[in-house]
Amino acid sequence: MSSNLIAEQAPAFLDSSADLEDRETRRARHRSQIIRLGSIAALVAVFAYFGVAAPGFANLGNLANIVEQSTVLALLAFSMSIVVLGGGGDVIRGGIDLSLGANLGLCAAAFTVASNAGFSDPVAVAITLAVGAAVGLVNAFAVVALGVLPLLATLAVMNICGGAELVLTQNTVISANSPLLSYITGASWLGLSMTDWILVGAAILLIALVHGTRWGLRLQAVGGQRQAARAAGLRVSAYLTGTYVAAGLLAALAAIVQAARLSGSSPGSGDILLSVVLTSLMSVVFSRRLLPSIGGTLLSVLFIGGLINGFQLLNVSSYWVNGVQGVLILFVVAVRSLSLRRGSV
Amino acid sequence: MAEPALALRDLVKTFGATRALDGANLVVERGTVHGLIGQNGAGKSTIIKILGGLYKADGGTIAINGKPLAHVSPRAIEHLGVHIIHQEALLVPTFTVAEALFLGAEPGLGPLLSPRIMRKRAEEVIGRYFDVTLPRGALIGELSPAHRQIVQITRALLNRPSVLVFDEPTAALVRREANRLFGLIRRLRDEGTSIVYISHYLEEVQDLCDRVTILRNGRDVATVDPRDTPMPQIVSLMINRDIDDMFPKVPVPIGKPALTVQGLGRRGHFSDVDFTLHEGEILGLTGLVGSGAKDVLQAIFGLEPADQGSIITHGKQGAINSPASAIRRGLGLVPEDRRGQGIALDISVRENTTLASLGKLTRFGFISRRREGKAVAGLIARLGIKTPGPDARVRDLSGGNQQKVVLAKWLSADSDIYVLDEPTVAIDVAAKVEIYRLLGDLAQRGAAVLILSSDLLELQGICDRILVMYRGHVTHQLRPAETTPEAILAAATGAAAPAEKVAA
């Protein structure tokens, strides 16, 4: 039954179609390149504009200040990017950790309360990290063991954290002071404060871990195509659990930085969540694979930080920043859906 | 005699009330290419999933190289050298070729990866088996299906498997790439690998396999040498029905003209196309890709409107410049890419069926459930759509049944001119026969059918006339009774001298 005789007899055409597919491949590649280069150009343009127009923007001290103000956001956004990488980029079913902001608040409260209760810094740090990791474990349990959608699971955990924070702090500002806290804000090395160095160190470590090791590659496989990861013999649930616990630990680290910067804990620190989601989503446009990345997240965070700082220097109302963030979210989500429409994923 | 490389015996597997496997056997001798064929639902994929450790069999044994397997898991069978190349590429779309190849066993320095070493090794191993260079630095998601498959096959070969299972490997390949794949499979066999080859394309199986096991209703009905078994015999083993039944053509009196195109043309694609399609007639249209046959079809349905000539439906003239205007004039299109254009996979059979005819079923702007239900139930029965119910998602139906839902949509819209674009691509033999029967049924009721196909046997089997296009013109009009697949092919490739001008 020689059904497709025609196809057999037309090698010339088929050859050209193979070339066409190569061209299709190149085109898809160029598209992601254009997005990436365009985004970097936009970032450079915005910074260049502020450098010229906003007095004192390009000042080294001011730039260090931007980094310092961005540290807490960056640590949380790194966590988010790791969770999204491992859980997959699907906005509804993919990985997301909405509890990061609330976890930050809870951990900051835990640190100040522990510190005020007379525990030494190392013990308080250990308690804080344990709280952060525990929250991550609860997330992981709900997502991995119970199979709840991450979006819903972490939303519930966000509420639990918020409640626990209120119980700890009675919804009040608690001030704290400890050698560690003053070291983080006070000490400096090579002109950069310890806060800056925490960000630099975390970024380097995470870039190496996520983008340079076997663990990171496999994590991306788990998020990119779970079946393929399973077929390659990877233990998917271990990787997923790992992402939420790592996110919790990073939130605890961010909480200590936050406690240092605010000299204690104050309610409302969970409000940072929207910026965390934005910067992690935005990191996609800086990546060759159109995936969240640590480096891209860092660029996004600095971009947003620079934007806020520049607006302040230009005496533009900070309300505008909200509008700009909203436009950015729309832009990033649009780019993502366009790239998905390629149909290859 | 040596132990067989792979022996699956008396496999039984039930899903709820259905018995997917009912004592199936598959014994693959060492160093042979062993075909596994059968209709959809015969149990092919169930066997593969049991072998792959994705399903657990209710009964039966699996032995690899004579050693019975107690516990079947994906890792366990890979450990024993059995690798399965699944139909849908199990590759991470955001990975580079090298990353996808080595995932799980990445070369590197301790825990650190070295992209450079990985890329070099990837090029090396791909070059060992394939005569191609994949686009450098491209991500899997950016590759063509053929290139993706090369990556997947190479990935399996990295482990030097003793048994390699191909599940429908050529579905995404064009002929030349398929031929390359066959070359590779023969080479692997000659090097001692045992191959299980699952395919819908019988001519491939006949060409490639040393033995073929035919599955029917969860049982192996025969294992034969395809080289000295005539194709009709293999087909009849598969469908338990004589091959003469494949094209149930019922003679239908040809009625009044339903669709007439005059001087139809679209710059750069085709020109001067004239033909008339009558009520009760099935008119075939064929041609190589690029001949303009597909463009004519798209022009008639208003997808890519013509810029010259006219289209007359039921004596009424008027431009067709959008699908909406085509539908208003009684046309219905069954597109080739049915998943992309023909149906909405995630909504129900009911909703898909009435999508183009909701106007008839509404009262005061609301859908009348009662009337809709009645209409849908009638169509399901009439077309013999195999669905758990009108509210089942179309995604859960087989390819042939999805195609019937597309037809049901146009039936419901009272279309009387059906335009079909490769309606039987990628569906199994039994479903094909049902589609043919359905088209005959439509013609009998006075509908006019225009079918674009590159399946020559199909054209000859079901059409009243066949128009062949070559380089943008209709060059031949053939009558099935007076032609052969070879003659159609000769016309399509330009090997036969064209008639001066064909006005059909």
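Residue numbering: from 1, along the chain as shown.
Any Cβ shown, glycine's included, is placed from N, Cα and C.
Since the structure is predicted, the reported quantities are computational estimates derived from the model, not experimental observations.
Annotated transmembrane segment per TrEMBL: A:34-58, A:70-88, A:100-119, A:125-152, A:197-217, A:238-260, A:272-291, A:298-314, A:320-339, in sequence order.
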With Cβ-Cβ distances below 8 Å as the criterion, list the same-chain residues six or more beyond the ends of the transmembrane segment (A:34-58) that contact it, or say none.
285-288, 290, 299, 303, 306-307, 309-310, 313-314, 335, 339
Contact ranking winner - A:100-119, A:197-217, A:238-260, A:298-314 against the transmembrane segment (A:70-88), Cβ under 8 Å:
A:238-260
Near the transmembrane segment (A:320-339), which residues from the same chain, at least 6 beyond its ends, have a CB less than 8 A from one of its CBs?
31-32, 35, 89, 91, 274-275, 278, 281-282, 284-285, 290, 304, 307-308, 311
Against which stretches of its own chain does the transmembrane segment (A:100-119) lie, if we need a Cβ under 8 Å and a gap of at least six residues from its ends?
72, 76, 79-80, 125, 127-128, 131-132, 135-136, 157-162, 164-165, 168-169, 174-178, 181, 247-248, 251-252, 254-256, 258-259, 262, 264-265, 267-273, 276
